[in-house]
Structure formats: structure tokens, C-alpha cells
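Trainee: Take a look at this one; I'll ask things after.
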Amino acid sequence: MKWLLLLGLVALSECIMYKVPLIRKKSLRRTLSERGLLKDFLKKHNLNPARKYFPQWEAPTLVDEQPLENYLDMEYFGTIGIGTPAQDFTVVFDTGSSNLWVPSVYCSSLACTNHNRFNPEDSSTYQSTSETVSITYGTGSMTGILGYDTVQVGGISDTNQIFGLSETEPGSFLYYAPFDGILGLAYPSISSSGATPVFDNIWNQGLVSQDLFSVYLSADDKSGSVVIFGGIDSSYYTGSLNWVPVTVEGYWQITVDSITMNGETIACAEGCQAIVDTGTSLLTGPTSPIANIQSDIGASENSDGDMVVSCSAISSLPDIVFTINGVQYPVPPSAYILQSEGSCISGFQGMNVPTESGELWILGDVFIRQYFTVFDRANNQVGLAPVA
């Protein structure tokens, strides 16, 4: 009987998962549009989502060319605490980057004044460093310092975690951003300044039983989405998980066999690379095939630069199918057409990223809302299954 009890306790310990609920909020793009500021923003900022991927690292100056404008369309956010006692921050859980940073009290930029700011003097566990960090984007850069403190993430106390404290955040548009900072969940190889990413630090301290995390993004307007650290909850998906090898341990990069519509190949005819990225809201790919897709679904550009379709046409549009590791993953029009306040916007965006392996696609939230996703660091693979 004692052995049975012990085995039961061991099994229970292996099933412990830490869940961080994600709240779906109005995107920065939508807020700017409602305030009549979007056109001016788009004029001043040359939006190029490609800058987020494969940046040119400059180690001596610790420069990371990761444009914050990439988060213009983000809608899913979670809360973390930093310090003792914890100071709360709303962050993007981003599998397309690796650093953690939040605004600090040292930041007097307009963008910082409307957000929570970390105060090191209010934390008994904060440790300062002499290191600085700069994230370059658009017309300026976010500059700051690096420090160490305890980070509370979904019930996990991640001690001695390095993170960035911003001192300047250019661009008044960030004043309206629905998030305070970014929590990166990609591999440490792309971390600016060599900072240990949050999940790596959590795993290294033995705080989770499995070296993986998983993501469920609900289509619900406000709640239901979650990041699960250290486990997989099968109630979020149907069928079984299909596993796809990571091809490059930097981003969560995988191979796509082909992309088809109505049974015909429309892109990626000889295979291509794709990054599974919770920090990108849309499905992005090379401008030429994306332009063809936009044409095929009847999308045209409006005055805000969005590609829109007739809402009445959605029911007649075809699925777009991504074949990955031999398994088909259809994305229906109800997923790739985003409906907002009477407008129906295409969830596809053109982006050219030169890579040694050819064209690159980004499977953002439009895709992840359809497929429960497991990011398995232990086996360097991504698991996908239809959401429940």
C-alpha cells in the first residue's frame, strides 16, 4: 500500500503544470485607429515585420534590431510579477524573441508614463548590474539597463532572473500599447546581451518537471487563453499531437512541406521554413505568394493599409492548407479573415526574409488559434493538434 501511495505521489508530481491565463485585449492598431492616429503612425513608421527575424547582432553594443512595431496587432497578454514584493506587469508571451524587459521608473518617455514601471528600490531582492541594453527599431531605440530579480510567472518563483529595465522608449504611439513589456520564449541563442531567457532559468532551477511549455489561444473575445509551463493539458485539443522537428534552434523554426488552396499548391512548392510565433498576430510570408493569396480571396487595400474582403464572401472562401511533416493543417476563412466592427480584414501579410533555406513564413496567432501548440525544448520539436 505504501508503494502504491508513493507511485501515486510520483505520478501526481509529474503532472504539475503552471498555467498563466492570457487576456485578449484590443490591439494597439485598433486603438490608434479609433483615436484617429493610425494613418499618422503608418506614415512615420515603415512597418517591416521581417526586421524581427534573423537580426544582425552587435555584441559589443548589445544592440537588438527587434522593432516594437511588430506588436502593433497583438491581442493576447498575461500578467507577471517582478521583485519582492511583486510589482505586476502586463506582457506579451513571445515565442519569437528571447528577452524579458519592462519599463522602469528611470524612464520618463511619454510611452512609459502610461504603463507600470519597475522600481528597483521597492524590491528587496533586486540586484543591479553595470550592463546596458538597446533595442533598435523604426526611428529610435529602447535603451535600458539589465538587472536581476525574482519573477513570478503563473505560480512559479523564478529567482535570479536577468531582465531589461527600459530608460527610454521613443514613439508616442507606445503610450497606447495594451502591454508593458515583452517576455521572450525562444531559444537563448537569439537573446540580446546573452541574457538567460525566463523559461531556461525556470528549467535550470528545476521548477518544472518537463522541459516544455504549451500555448492555447482562444477565439473568445476576452478569456480562456493560456500558456502552460512544464506540461500539456489534453483538454485543450482533440485527437493526438503531431510532432515536428525544430530545424534551427533559435526561433521555433520548422519545415513546411507545402501550402495549398482548393487542392492546388499556391506556395512552398518545394518545402520552406516557418517560424511558430505567438508574438506575431498574422500569417506572414513572401510578398509574391501573399499577393496571390490576397487576390484569390478578393482582398483589396483600404485607406488604413489593411487588406479587406467583403464580409458576405467569407462563407464561400476556401481553406488554406499547410502541410507540415506530412500532416495537413487547414486554416478556414473564419480564421484567416479577422472581423472587427463591421470590417473583414485578411489575416495574411507580405514579408520578405532572406534565409539560406529560401522563403520564410511566420505562423502567428491566426494559425495558433486553430492548433494547440507545444514547444518542446527537451526534444527540440513542436507539437500541433486541433483545438478542442
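Heads up, the Cβ atoms here are built off N, Cα and C, so glycines get one too.
Residues or ranges marked as signal peptide by Swiss-Prot: 1-15. Per Swiss-Prot, the feature domain 'Peptidase A1' maps to 76-385; the stated evidence is sequence analysis. The active site feature in Swiss-Prot is assigned to D94, D277. Taken from Swiss-Prot, the feature phosphoserine covers S130.
Can you tell me where each of these features sits in the structure?
Mentor: Long-range neighbours of D94 (active site) (same chain, six or more residues apart, CB within less than 8 Å of its CB): I182, L183, G184, L185, A186, D277, T278, G279. DSSP gives D94 (active site) a strand state.
Other Cβ atoms within 10 Å of the Cβ of S130 (phosphoserine) number 6 in total over all chains.
Neighbours of D277 (active site), defined as other CB atoms within 10 A of its CB across all chains, total 28.
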Trainee: Over the domain 'Peptidase A1' (76-385), what does the predicted model average in pLDDT?
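Mentor: Across the residues of the domain 'Peptidase A1' (76-385) the model's pLDDT averages 92 on the 0 to 100 scale.
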